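Data block below; observations after.
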Protein chains: 2
Amino acid sequence: MANNAPIGVFDSGVGGLTVAREIMNQMPNEEIVYFGDTARVPYGNKSKDTIIGFSRQIVKFLRTKEVKAIVIACNTATAFALETIKAENDIPIIGVVKSGAKVAAKATKNGKIGVIGTEGTINSGIYTSYLKQWKDNIQVFPKACPLFVPLVEEGLLYDPVTIEIAERYFSELKGHGIDTLVLGCTHYPLIRHTLQKVIGDDVQLINPAYETARYLRRVLMEHDLLHEPAKTKEHLFFVSDGAEKFKGFANTILPCKVQETKDINIEQY
Amino acid sequence: MANNAPIGVFDSGVGGLTVAREIMNQMPNEEIVYFGDTARVPYGNKSKDTIIGFSRQIVKFLRTKEVKAIVIACNTATAFALETIKAENDIPIIGVVKSGAKVAAKATKNGKIGVIGTEGTINSGIYTSYLKQWKDNIQVFPKACPLFVPLVEEGLLYDPVTIEIAERYFSELKGHGIDTLVLGCTHYPLIRHTLQKVIGDDVQLINPAYETARYLRRVLMEHDLLHEPAKTKEHLFFVSDGAEKFKGFANTILPCKVQETKDINIEQY
């Protein structure tokens, strides 16, 4: 596998761009092939079998682009499909859960960690099991927050309605006295300032997107797969629907300019 | 085509159950085969080509159940796919837009009609063009309300947050002095009491689900396809994901008890 091959990154839609952004910031030499499954978004309320089927199609597509590693930049897809995809592929496959869980387990002082995410991620229990791998005497308080994704996609990042919804979702978590909160959905870093305000400054927010990019860097180094410095590089963006809308959103999030996004028929893969 | 064949009804998810409910209430002899595309919900923010592709697969599936007519119980799918599906099929195909538009055009006194729906339905302009077919000197004020569907699916039917969001969406409509408001999304009848409170009692709400069932009855009569009275009858429910969750929701909406919902792989059709 050539070092200068791109890294595949996929998500149900735009959320995974927060992971792509961290990779671009931390590894400016790397090239990314991003796929957003905008025709079938959201993943959070769909079943395990459905998400495994979707993930397989996307991985098949990304491998046609000769990627050297794949990041599943979606918590739900990581929760449901990471192990299957890993078993079926011979390149490094990285999910967004493990690194975030590790850092959260290290960060907590009182051993009480909150985890927020979609229904799929929360009901899968994946964060709880990873967190308990790192530290035995940890108490995990998971909470599904299904309205955050539509609120983010509506652009209500600092809105009183988002604050009101966050207050409801967090009232239980606050009662448990958590000192650490894992943002278990790739959309949530976009409202981290609002979430911090509601949960309070004494609770540390953990952003798995950031930790995942750090972990990816280590994995690429171990496999001797880091990209060499290059004069020009190009990121590629694909979606299953609504390329223009995606491009607009991507350009508000990413540190680079997205010139083009292509629509593909993912059901063919 | 046998009179006693069932009627096919489909939607992106649970919203079309409001149409199924009206059909059950108005035509208690009829049997329904319902399909909810819960693996690919929502349709409202997806493109025309994608929605036509999804609709074709669903119609192909419904026709394996020998349905005598098909109701597209989804405003977005009606806006994007009705004409294509009609042209490709030899049984009556009915959308949810036409009848609602007709009744709204008749109901307005000052000629100012508001239409609310998903981005897809609103941007398609379908209600505006149907409304203008019925009356020339009509002013139509369309407004996309993308947060209503997730709020309904979260069960916040009478919630202060839903009221707050409705007030924002409606502030412009109120300024235009509309006297009639079309609920252009099948989820919206479930929050019609909240919407009525916010828009005010002097504005008449039009529920296309009700009007569509009335229109379906006329079409079946014209084609001599009404079901004969029967001792036993059975409605069938299929989804592309999450059968159990769907069944729970269906049992809160429908006048009959849903015993079973089956998961099928719609991408095979």
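Quick reminder: no glycine exception, Cβ is built from N, Cα and C everywhere.
Features as listed in TrEMBL:
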| type | residues | note |
| --- | --- | --- |
| BINDING | B:Asp11, B:Ser12, B:Tyr43, B:Gly44, B:Asn75, B:Thr76, B:Thr186, B:His187 | substrate binding site |
| ACT_SITE | B:Cys74 | active site, proton donor/acceptor |
| ACT_SITE | B:Cys185 | active site, proton donor/acceptor |
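Feature map: TrEMBL annotations on the structure.
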{"residue": "B:Asp11", "record": "substrate binding site", "Cβ contacts under 8 Å, 6 or more apart": "B:Leu17, B:Val19, B:Tyr34, B:Phe35, B:Gly36, B:Asp37, B:Ala73, B:Cys74, B:Ala77, B:Thr186"}
{"residue": "B:Ser12", "record": "substrate binding site", "Cβ contacts under 8 Å, 6 or more apart": "B:Gly36, B:Asp37, B:Thr38, B:Arg40, B:Val41, B:Pro42, B:Tyr43, B:Gly44, B:Cys74, B:Thr76, B:Ala77"}
{"residue": "B:Asn75", "record": "substrate binding site", "Cβ contacts under 8 Å, 6 or more apart": "B:Val96, B:Val97, B:Gly117, B:Thr118, B:Thr121, B:Ile126, B:Gly184, B:Cys185, B:Thr186, B:Pro208"}
{"residue": "B:His187", "record": "substrate binding site", "Cβ contacts under 8 Å, 6 or more apart": "B:Val14, B:Gly15, B:Thr18, B:Phe148, B:Val149, B:Val152, B:Glu153"}
- Message: Other residues near the substrate site, CB within 8 A of the CB centroid of B:Asp11, B:Ser12, B:Tyr43, B:Gly44, B:Asn75, B:Thr76, B:Thr186, B:His187?
- Response: B:Gly13, B:Gly15, B:Gly16, B:Pro42, B:Cys74, B:Ala77, B:Thr118, B:Thr121, B:Val149, B:Cys185
- Message: Under DSSP, is B:Asp11 (substrate binding site) part of a helix or a strand, or is it coil?
- Response: strand
- Query: Can you tell which of the active-site residues (B:Cys74, B:Cys185) has the fewest other C-beta atoms within 10 angstroms of its C-beta?
  - Reply: B:Cys185
- Once the DSSP letters are reduced so that anything not helix or strand counts as coil, what is B:Asn75 (substrate binding site)? helix
